[in-house]
Amino acid sequence: MTDTSTTRSKQLKLPPLQLGKHTVDVPVVLAPMAGVTNKAFRRLCREYGGGLYVTEMVTARSLVERREEALRIIEHDNDEAIRSIQIYGVDAVNVGKAVRMVVEEDRADHIDLNFGCPAPKVTRLGGGSALPWKTDLFQAIIKTAVEEASRNDVPLTIKMRKGIDDDHLTFMESAKMARDLGVSAIALHGRTMAQHYSGKADWNAIADLREAIPDVPVLGNGDIFSAEDAIAMVEQTGIDGIVVGRGCQGRPWLFGDLQNAFDGSEERFRPGVSEVAEMIYRHAELLVETFGDETKGLREIRKHVAWYFHGYPVGGSLRAKMATVPDLAAFREYLAELDHSIEYPGAAVEGPRGRAGSPKKPHLPHGWLDSRILGDAERLGLVDAELDISGG
Ligand SMILES: Cc1cc2nc3c(=O)[nH]c(=O)nc-3n(C[C@H](O)[C@H](O)[C@H](O)COP(=O)(O)O)c2cc1C
């Protein structure tokens, strides 16, 4: 995906992104990632460059019930200029209540709605990326959310996939409906539910959407693993902003590369092992602070170990120890055992990372595709599509 052509520009040329009343100077969005984009990780990323940094997804129901974990997820640091959150919900009443609560209590400056989750346990009940197929439900949720958010002039955006599979694409009509209901931007992940995270994101679909709805900002998502990928996507699609997910896992400095590309600089972060060790240790410290608990913070850092050291020559036993690290003192010790003279390994660190896998047959409620309108039995089934969900 990295562009090696000499004819392409080296600068990311995009004007600031207007999200309702907010101006995002650097039109780069940290994609919401459940279990990843918490306060600690957002701070780390933010320190490298500008952009909009979205929380992990939170369910409407858990917000309405004021669950401790839900309130933790939507907390922001004082210096997060635009407090951005993402809500996932499957019925208009709960989503409306959740948005109202957030807006009335001034808990966020921007709200995104998640319509992209491909997890079978959610889609087989009609939630996640299955939901836009039911146009009445999709519109009802957005209508209520926009109305509630607009009470305090909070911009409401949506994020979605292309559709269920290549024979059941929804993004074009969904985007037009959302635009007509007053959303402030639309982010498209260029994959279908069936693709999950496999194959390549379809940037042509993103370009088509950009062209079809010139009156609302369109954000492109999928397979940006470097500043050069970002430049290529912008040039190929004409989009108004980019949304970066897996590319920054273990690489918060990617936002520095993107900032440099915006500034017209070709300088890129190329951390050696020593810098990576410092970064991951700081990440662990921030997680401890965020969760207010050393054990929990260190449990959280474990999954990041493989991402931070992806492509670096670090031995298996040391990796294994780090992936079960109990506390900060032990982490310091393990990190000291690394060979700090190792420089940036180049290509091994670049390119796709994180979730991949193979296409999956869509899991949907029985007969889901037969009608674009939600049936009564389907509505009942949806009740549980907000339980135990973690990400898109
Ligand atoms: C670990 C993980 C968690 C995710 N959680 C969410 C989520 O909470 N909400 C959401 O809309 N998308 C979620 N996604 C999808 C991403 O936001 C993004 O759309 C997807 O990874 C494609 O972008 P990328 O190619 O830049 O990774 C998640 C993805 C990953 C890998």
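Cβ coordinates come from backbone N, Cα and C, glycine included.
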- Query: If TrEMBL gives Pro32, Met33, Ala34, Gln86, Lys159, Gly245, Arg246 as binding FMN, which of His189, His196, His283 does it give for that site as well?
  - Reply: His189
- One should report the C-alpha separation between His189 (FMN binding site) and Cys117 (active site, proton donor), rounded to whole angstrom, as 11
- Task: For His189 (FMN binding site), list the number of other Cβ atoms lying within 10 Å of its Cβ atom.
- Result: 29
- Task: Across all the protein chains here, work out how many other Cβ atoms are within 10 Å of the Cβ of Ala34 (FMN binding site).
- Result: 20
- DSSP three-state assignment for Arg246 (FMN binding site): helix
